[in-house]
């Protein structure tokens, strides 16, 4: 099996220290390719995107004129449904009559990483977790770094508007981000106003999670991802059970052990379950997850571009709005919502649908690099002389707009970006194509009416 090596920077690598043997210093080794966080499907801690070497600094000769953030919540515990599956497996381990041998020998003195069931679906914090990847702490750091870079846009003694879905963990992330951004000036209702937007279908298009209102998307399902060969799971089950006769471990259980590895890292900083699999098995499982997400939340689903048009159109309108006194737009939602937005935007869209009969190398759609825990999309509006430009930073890496990257810092002129958006979603009618109830709001307005309308949906898990 792969021994997950820990480096000084707490990187978790699917390789041994031999990767350094033929180079003079560790700095010469390309170890990022082995980082286990690449292979855990976005369930594990945040990981920066592998970019193109383009500096994320504001380009010389330009000023930042507006910044938009669309962020996923931070690292969390497994959901209640995930937790139920993991507990069922743990019950099998606890009820096993015998001493565990082989790769599972650690189970002889192992304790389940979720000590309190009320933590399911919650964001990890220093209070409820033991590791270094607390979601609240990472959100705090993110907010502070964001202020350091874009603080010139923030008007002192003003009220910072923040837009968050009414998921408890999403709201929690937004709060800690705001604390990091505002520091000692943080005061709810005075220096920051949280606009809590319902995730329910009845808010229609006036939502950070418009997928809820798209009834036709709920009717749509793709069986494409199910064609992927998962016989490797049988081999894992056989390998683990062989020295432990009588243990009933199904392929579904094995698949869930990959998630166990990821979520335990969120809570404890590491997991012995990560050592159960080979390098190839991590890659195979990761691609299976990429397929599932691509054909449900990505461009493989014909409705995602339609749903994503709601946020993308609003983003474009904000970029064009020069009269608004606020130029710092902070929005928080879920991985599904960010992935759907990406489907509309198209920067990370593969040239062809993902194949199910083989793993393409390089893989053009790695879910963990698109929406890891704490994922973030920055939309920068740059003012360079008399011209305005748009640039995207996705998970801390500049991702140029296809065929529109000749501006400073590989940005795209705002007028050209508007044409790009029209080409992507100009033919979309969210209300009609999604079958949205005619009594629901037909457009997103909260970015413009939040000062006069109260958005305070009750928090839910």
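We count from 1, first residue shown onward.
Using the three backbone atoms N, Cα and C, a Cβ is placed for every residue, glycine included.
In the three-state DSSP reading, residue 73 (active site, nucleophile) counts as coil. Taken from Swiss-Prot, the feature active site, nucleophile applies to 73, supported by similarity to another entry.
Packing around residue 76 (1D-myo-inositol hexakisphosphate binding site) is summarised by its Cβ count: 26 other Cβ atoms lie within 10 angstroms of its Cβ, all protein chains included. The annotation 1D-myo-inositol hexakisphosphate binding site is assigned in Swiss-Prot to 72, 73, 76, 79, 169, 293, 334, 335 on the grounds of similarity to another entry.
As annotated by Swiss-Prot, disulfide bond applies to 62-384 (among others). Cβ contacts within 10 Å of residue 62 (disulfide bond), excluding its own Cβ and spanning all protein chains shown: 21.
Residues or ranges marked as disulfide bond in Swiss-Prot: 261-274 (among others).
Swiss-Prot lists 404-412 (among others) with the feature disulfide bond. In the shown protein chains, 23 other C-beta atoms lie within 10 A of the C-beta of residue 412 (disulfide bond).
Counting Cβ atoms from all protein chains shown, residue 97 (N-linked glycosylation site) has 6 others lying within 10 Å of its own Cβ. Here Swiss-Prot flags 97 (among others) as N-linked glycosylation site.
If you look up Swiss-Prot, you'll see 157 (among others) marked as N-linked glycosylation site. The secondary structure of residue 157 (N-linked glycosylation site), as reduced to three states from DSSP, is coil rather than helix or strand.
Sequence-distant neighbours of residue 229 (N-linked glycosylation site) (same chain, 6+ apart, CB under 8 A from its CB) are 357. Annotation source Swiss-Prot lists N-linked glycosylation site at 229 (among others), citing sequence analysis.
Following the DSSP three-state reduction, the secondary structure of residue 248 (N-linked glycosylation site) is coil. Around residue 248 (N-linked glycosylation site), the same-chain residues at least 6 positions away in sequence with a Cβ under 8 Å from its Cβ are 92. For 248 (among others), the entry in Swiss-Prot reads N-linked glycosylation site.
When secondary structure is read from DSSP and collapsed to three states, residue 302 (N-linked glycosylation site) falls in the coil class. Here Swiss-Prot flags 302 (among others) as N-linked glycosylation site.
Counting every protein chain shown, the Cβ of residue 313 (N-linked glycosylation site) has 20 other Cβ atoms within 10 Å. For the recorded site, residue 313 (N-linked glycosylation site), the DSSP three-state label reads helix. Sequence annotations record features per position, and here Swiss-Prot assigns N-linked glycosylation site to 313 (among others).
Counting Cβ atoms from all protein chains shown, residue 437 (N-linked glycosylation site) has 13 others lying within 10 Å of its own Cβ. Sequence annotations record features per position, and here Swiss-Prot assigns N-linked glycosylation site to 437 (among others).
Neighbour count (other Cβ atoms within 10 Å of the Cβ, all protein chains): 6 for residue 452 (N-linked glycosylation site). Under DSSP, residue 452 (N-linked glycosylation site) is assigned to coil, being neither helix nor strand in the three-state scheme. If you look up Swiss-Prot, you'll see 452 (among others) marked as N-linked glycosylation site.
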Counting Cβ atoms within 10 Å of each candidate's own Cβ, which of the disulfide-bonded residues 274, 384, 404 comes out highest? 274
Which number gives the other C-beta atoms within 10 angstroms of the C-beta of residue 302 (N-linked glycosylation site), all protein chains shown included? 13
When distances run from the Cα of residue 334 (1D-myo-inositol hexakisphosphate binding site) to each of the recorded positions 73, 261, 302, 313, 437, the nearest one: 73
Is it possible to get the count of other C-beta atoms within 10 angstroms of the C-beta of residue 79 (1D-myo-inositol hexakisphosphate binding site)? 15
Per residue, counting other C-beta atoms within 10 angstroms of the C-beta, which of the binding-site residues 169, 335 reaches the highest number? 169
Using Cα-Cα distances with a 10 Å cut-off, which of the recorded positions 62, 97, 157 are near residue 335 (1D-myo-inositol hexakisphosphate binding site)? none
Top Cα neighbour of residue 313 (N-linked glycosylation site) in the set of recorded positions 73, 76, 79: 73
By a simple count, how many Cβ atoms lie within 10 Å of the Cβ of residue 157 (N-linked glycosylation site), its own Cβ left out? 7
